[in-house]
Amino acid sequence: MESASLLESTPPVEVYSHIGTMQDSEYMDSDGYSWDYVLVFPSPTVPENPAAALVSIDDILQTLHLPIHLLSVKKTTSTIEDICRRLTNAGLVIKLFSSSLDKAKNRHPYIFCLVRAPPELLAREADRIDLNMLMDKDALREISLKGYPSQGISPFPIEDTLNQYKLSPYESIYFKYSMREDLQPLYVKQGPNGTLFTSMQRMLLTESIMANPNGGAGLDLSKLDDSNVFTTLFPLHDATEKDALSKMWIRWDYWPANQPINAIQSYFGSKIGLYFVFLGHYTSWLITAGLFGLLLQLLYSGVPASGQSVIIVSSVAIIPWSTFLLKSVKRKAATFAMQWGTSNAREIEKPRPQFKGKLIPSPITGRPILYFDKKERHRRMWWSWLLLFALICMVITIVGAIYYMQYEMIRAGYSITVFGTTVLIGGPVASIANVIQIAVMFAIFDHVCIQMNDYENHATETTYEGAFIMKSMLFHLVNNLAAVFYITFIKSYVGVSCANNDCLGELRMAVLTIFNTNLIAGNLQEVLLPRLQSWWTAREAGQSAELHASALHPVEHQFYLIDYGWIGTFNDYLELVIQFCFTVLFIAAFPLTPLLSFVNNFFEIRIDGYKLLTKYRRPPPRQAATSGQWVTILEILVTVAIATNGFVMVYTANVLGLSPTDPDASLWKLRAFCIYSGIMLLFRYGIASSVNDVPDDVRSQLKRQEFLISKIYSRESDYYFVAGQDANDSPAQV
C-alpha cells in the first residue's frame, strides 16, 4: 500500500471509478491505511471514451465482462464481473482503474482492482480464523491481580521471585483474537491510527476473506491465477512502513546481530523474518571463526613449518563451532517465534491448482475429490529421479573430462613464468573450467528441475516445494563440490599426480576459485538481475524506460517489479547453504573461508533487504515457527564435514608424516581418521542430547501463556472435578 498522496499523484487514465464515495485520503485519515491488495486482470477491449459512457458500477462491470473457463471440481465460468461482485458482497471495498496506455497497441493492457477490508471486517475475520494477537502486559497484570471472583477465579498474580527468567511473566503473551467486548482492551493496538492490525496482518486477513467460501468472496485465488483469470495478484507495499524499515535496515553502521528483526517480521511475516534471523546470527558467528582462521593463515604464512598444526587445529575447531552455531540458531529462532506468536504455526496445506486427477467421491467424506493413481505417481517419481541421476552423472562426467584435460596439460608440461618462477597452468585452468561447468549446469538444472517437479503432479504446495528443495540441494551440492571431492578423495588414489605434486595446494586452489567466484557472481546476480527482469517486464507491456521510471501510477510500478514467491526464499537459503559447505567442509584446506563468508554476508544482508524493499513486489506474508528443513540440511553437512576435514587432515595433508613405503601407514591413517571422526560424532551427539532446541525461558513463557489463556480467555475456574469423581464429592483444587 502506498500512501494516499502517492496514490493520487501521477494518475493513469481513469477509465473506471472506485465503488463508494470515500477518497483514498479519507481512508487514510479515518483508518490509517487505504489499499492493501491488488488483483490485476488482462484488459478486454473497451470503448475509446468509456468514462463518458459508463455511469454506474454495473455498466463498468458489464464492460469488464470476460468469461474464462476454470478447471475446478464444479465446472463453472468466472468473470471479472463475478469476481468484483463476490469481493463487494463479502464486505471488501474495491477500486478499478486502467494501466497506462500501450502506445504500440493503442490500448490499456491491464485493469487494476485495488482491495481493502474495513476495520470491522478485519476483526470478524480475525475472530473466525483465530488470529494470534499480542496482549497488553500491563492489562494482563491488572486482571491477574483482580481475577474474576464472580466466575470462581481468584486473583492469580505471577511473580518470578527468584529472578530465574529473563522475560517478565506477562511479556510476549498471545491470545486468539475474539470480538468479545471484555477482551478488546487487552489486545495491543499495533496498527496505524490506533487500529488493531499491522499491515502484514491486514494482508493475511484480506487474503483469507477473499478465499473464504463461507461468508467471504469464495475465490480460489491460486486456481484463478493459474487459469490466467488474473494476470497476477499481490499485496501492496506500504510507503510509510517501507521507508521507515529502509532507514533502519539499509545502513552500513550496524552489525549483523543488530538487524531490525522485529520490524522485518512485522512487514514481511515470520517466514522471511526467520531467514534474516538465520542470516544475521550465522554472520555474527562468522566473526569469531573468521578471525581465528585469519590467525591460522597468518601463522602458516609466517611459519610454513606450522602448516600441519594449522590443518589439525582448523579441522578440530570447525566441528564444535558449527555444532554450537546450529544449536544457537534453533534456540534463537524459537525465541523469536515465541515473541511473534508463531511457536505453534503450521504451514497451511494449499492444494496446487496444477494438480490433475480423476474426479471420484472421497472414501472419507463422500465429497468429490481429484484422485491421482499411486502407481502412476510412483512411476513419474522414478522417471524424475532417473533424470536427476542422469544430470548428476553428466556433472561427474564433465568434471572427469576437466581433470583428464588437466592431467594431459601437466604431462605435456604447459606452464607460465611468474616473477621468474615456472608454474604449471593445469591446476588454474581446471579450476576455471570448474567454475564454467558449475554455471552452465546450474542454468540447465534450474530449467529442468521445475519441469521434473511439475511432471510428478504434486497435490499440495508443501509437497511440491519439499520435492523441489530435495532434488535441488542434491544436484547443487554435487555440482558445486564434485571437483573438490575428486581432488580430496579420488585423485591421488587413481594414479593421477596433482599439480606441482601438491594435492593440498591444488585443493586449496580449487576451493578458493570456486568459492570466491560463487560469492562474486551471486552478489552481482542479486544486484543486476532484478533490474533487468523489471525492465524486461515493463518493456513487454509496452512501457518505455522513461515512463516506467517516472510516470507510472505507484501501484502499476509495483506490478512491473519481480514476484518474490517461495522460490525467492529458496534461492536465498540455497546461496547460504552452498556458502556454508565451503566454510565448514574444507576449512582444513583454506582457513580463510569463514572470513570471506563474513565479508560477503555483511553485504548480503543489505543487498537482500534492498532488493526486497525496492526490486520485488511485496511477498504475501507467511507464518512459520522454524526455518524448516534448511537447518536439517545444515546439520547433515556438519556431519559430512567431519569426514571431509578428517580425510584432508589424515590422508591429503598426511599430518601423521607417515612414509608411503611404511607397510603400516594405511592402518595408522585409518585409526587416526576413525578416532577423529568418533570423537567429533560423540561430541555432536552429546550437544544434541544435552542442550534443548527451545530455551527454558521460552518454554516457561509458553506455559505462562497457556495458563493465562485458561484464566482470561477460557475463564476456567479454580476448581475442577477429577475424572470419575462423584458429583457430590468435594472438588479438587488446582
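Each Cβ is built from the backbone N, Cα and C atoms, and glycine gets one as well.
The domain 'Anoctamin dimerisation' annotation in TrEMBL covers 80-261. Model confidence over the domain 'Anoctamin dimerisation' (80-261) is summarised by a mean pLDDT of 92.
The feature domain 'Anoctamin transmembrane' is assigned by TrEMBL to 264-705.
Long-range contacts of the transmembrane segment (274-300) within the same chain: residues 255-257, 259, 261, 264, 306-307, 310, 313-314, 317-318, 321, 325, 328-329, 332-333, 336-337, 569, 572-573, 576, 580, 583, 587, 591-598, 601-602, 604-605, 608-609, 624, 626-627, 630-631, each at least 6 residues beyond the stretch ends and with a Cβ under 8 Å from a Cβ of the stretch. Residues or ranges marked as transmembrane segment by TrEMBL: 274-300 (among others).
The annotation transmembrane segment is assigned in TrEMBL to 306-326 (among others). Outside the transmembrane segment (306-326), and at least 6 residues removed from its termini, the chain residues within Cβ reach (under 8 Å) are 281-282, 285, 288-289, 292-293, 296-297, 299-300, 584, 587-588, 591, 631, 634-635, 638, 641-642, 645-646, 648-649, 653, 655, 657, 676, 680, 683-684, 687.
Among residues of the same chain six or more beyond the transmembrane segment (382-404), those with a C-beta under 8 A of the stretch's C-beta atoms are 430, 433-434, 437, 441, 444-445, 448, 452-453, 455-456, 471, 474-475, 478-479, 482-483, 486, 491, 496. Among the features that TrEMBL reports, transmembrane segment is placed at 382-404 (among others).
Annotation source TrEMBL lists transmembrane segment at 416-445 (among others). Same-chain residues lying 6+ beyond the ends of the transmembrane segment (416-445) with a Cβ under 8 Å from its Cβ atoms: 391, 394-395, 398-399, 402-403, 405-407, 409-410, 472, 475-476, 479-480, 483, 498-500, 505-506, 509-510, 512-514, 517-518, 521.
TrEMBL lists 466-487 (among others) with the feature transmembrane segment.
Taken from TrEMBL, the feature transmembrane segment applies to 576-603 (among others). Using a Cβ-Cβ cut-off under 8 Å and counting only residues 6 or more beyond its ends in the same chain, the transmembrane segment (576-603) has close neighbours at 256, 278-279, 282-283, 286-287, 289-294, 296-297, 300, 310-311, 314-315, 318, 322, 473, 476-477, 480-481, 484, 488, 504, 507-508, 511-512, 514-516, 518-519, 522-523, 630, 633-634, 637-638, 640-641, 644-645, 648-649, 652-653.
If you look up TrEMBL, you'll see 624-648 (among others) marked as transmembrane segment. Outside the transmembrane segment (624-648), and at least 6 residues removed from its termini, the chain residues within Cβ reach (under 8 Å) are 270-271, 274-275, 278, 311, 314-315, 318-319, 322-323, 326, 329-330, 333-334, 337, 342-347, 466, 469, 473, 488-489, 504, 507, 573, 577, 580-581, 584-589, 673, 676-677, 680-681, 684.
The transmembrane segment annotation in TrEMBL covers 668-687 (among others).
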